[in-house]
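As recorded in TrEMBL, the features of this protein are as follows:
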type   : residues : note
SIGNAL : 1-24     : signal peptide
DOMAIN : 35-179   : domain 'FAS1'
REGION : 190-217  : region 'Disordered'
Amino acid sequence: MNKQALFSLSLVLVFLFHCTTTLAQPAQAPAPPGPTNVTKILEKAGQFTILIRLLKSTKVADQINQQLNDTNNGLTFLAPSDSAFSNLKSGTLNSLTDEQKVELIQFHILPNFLSISNFQTVSNPLRTQAGDSSPGEFPLNVTTSGNSVNISSGLVNTTVGGSVYSDNQLAVYQVDSVLLPQAIFAPRPPAPAPAPASPKAKTKKKTAAGSPDSAADQNGALSLRLSRHGFLLSIGVAVIAALLSL
């Protein structure tokens with residue numbers, strides 16, 4: 001075997017060794033995704049400036065991010081656009097307390113992940129993170145027709161718009177009206193007037209027979225009678241003395 005053949009064989013062996021070593025190395029795992037941040041998702045989508053401001057000021061954004069990143073529980077966020085907030089009566093947001101602002105945002109968050117098709121099988125009323133879903137509190141009802149999903153708070157009706165974001169844990173849908181919960185915005189019936197107090201029967205005070213007042217009255221009456229008898233006796237004596245002197 002000549003030198004050229006040996007050199008060629010050496011190159012083949014080196015190539016085969018390199019390929020075997022390369023194939024034996026494990027494939028690199030993909031870089032883990034960054035933590036979910038709902039405000040960044042909305043900022044990227046645009047048209048949610050007011051909602052982002054409320055999420056930050058109420059600290060609800062921190063609650064959402066913590067829940068998504070620390071647990072396996074999914075969420076569905078019905079996100080009102082800037083135009084939805086602009087359609088509110090002037091001064092609506094400013095009239096709310098800090099607690100009511102938190103409840104308003106939580107009313108737009110469902111505590112589980114829902115795709116558009118999932119809305120067709122949910123039971124009414126939907127429970128939100130605002131809490132009690134009984135009438136007069138925070139009920140949310142859904143109706144569907146094909147792929148159209150309508151949401152009603154009892155005060156506001158709106159349609160679930162296009163998907164803003166979905167990763168099988170968080171679903172964000174745009175809504176073109178702010179959902180107003182009954183617990184905050186429904187007029188409360190006036191409290192019933194208290195029942196009038198029943199008049200107390202007037203009882204005539206009776207003097208006990210053996211009380212000091214009773215004894216004093218009896219003694220006074222006896223003294224009066226004795227005085228009258230003495231007066232009459234004096235008159236009688238005087239009359240007799242006058243007759244004897246005649």
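Note that the numbers count up from 1, one per residue, in the order the chain is shown.
Using N, Cα and C of the backbone, Cβ positions are placed for all residues, glycine too.
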DSSP puts the residues of the domain 'FAS1' (35-179) at 47 helix, 38 strand, 60 coil
Could you give the mean pLDDT over the domain 'FAS1' (35-179), rounded to a whole number? 93
